[in-house]
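Chemist: Can you read through this structure? Questions will come right after.
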Amino acid sequence: MKASGSESKFAKLPVFDLEFAMRVPRVFTDQPLQAGSTVTLEEAPSRHLAKVLRMTAGRELILFNGQGGEFTATLTEVGKKAVEATLDAFTAEDRESPLDLELAIGLSRGDRMDWVIQKATELGATRITPLFTERTEVKLKGDRLEKKKEHWRQVIISACEQCQRNRLPTLAQPQALADWLAAERTAGTRRFVLHHRDSKGLPAQEALTHVSLLVGPEGGLSEEEIEQARAFGCEPLTLGPRVMRTETAPVAAISLAQYLWGDWR
């Protein structure tokens, strides 16, 4: 039967695209949130809601500020420069993994670092620490470093909006590998350094609650850095016989850790 002319413009979309088009958007804000109050959203989310999603007054959305839980909200005013929303009900929704997991990753060039931070956030990492290592080719300091940190924070925010996390993982100050190794850790934290030449995997039979994963940049960590990490108690870890890229290894390691000790079981 031929479709009628009044058929919805979404009717021919695949199911996934249809769900995406119709879903309620999630928006992060740095502001304090309280049911019944009205907030004026920041410039970036306001522009996205008004110009990209073309939302109008009366539409629903979800707001969260990274402190846990989320609010349903209703748009009350959509202007050219600002969007206002009234907060309705609060839901104490917690989608955090029981595994406290830190990813310490050597800085990489181009979009690789963005990709790693995005995926680590989606996979439930609670802390992300960028590291300067011997083979790090990215030079960051001063204003450029601060701009890059803010850029990474926006990557984390976007990932949390997409994956429905209501708490942002901590983005640590970029630091030298030696400083990270010497820093104090939560009692009971097990630290692993990815090293493809080793033969030891994650201790699947043990019940771990605090894990740190150390991954090198492009080209990996040097043998001297591997030995330095061992000296500070990092256990060598392999993910199999194949050599993974610096953006692939963290995804594989975090996924395995979440399966063994997190919320994938």
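Yeah, the Cβs are placed from backbone N, Cα and C, and that goes for glycine too.
TrEMBL: automatically predicted annotations, no manual curation.
Under the heading domain 'Ribosomal RNA small subunit methyltransferase E PUA-like', TrEMBL lists 46-87. Per TrEMBL, domain 'Ribosomal RNA small subunit methyltransferase E methyltransferase' is recorded for 96-258.
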Chemist: Kindly state the mean pLDDT of the domain 'Ribosomal RNA small subunit methyltransferase E PUA-like' (46-87) in the predicted structure.
Modeler: 94
Chemist: Under DSSP, the domain 'Ribosomal RNA small subunit methyltransferase E PUA-like' (46-87) has how many residues in helix, strand and coil?
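Modeler: Computed counts for the domain 'Ribosomal RNA small subunit methyltransferase E PUA-like' (46-87) are 7 helix, 19 strand, 16 coil.
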Chemist: Do any residues of this chain, six or more beyond the ends of the domain 'Ribosomal RNA small subunit methyltransferase E PUA-like' (46-87), have a C-beta under 8 angstroms from a C-beta of it, and if so which?
Modeler: 24-40, 93-94, 160, 166-168
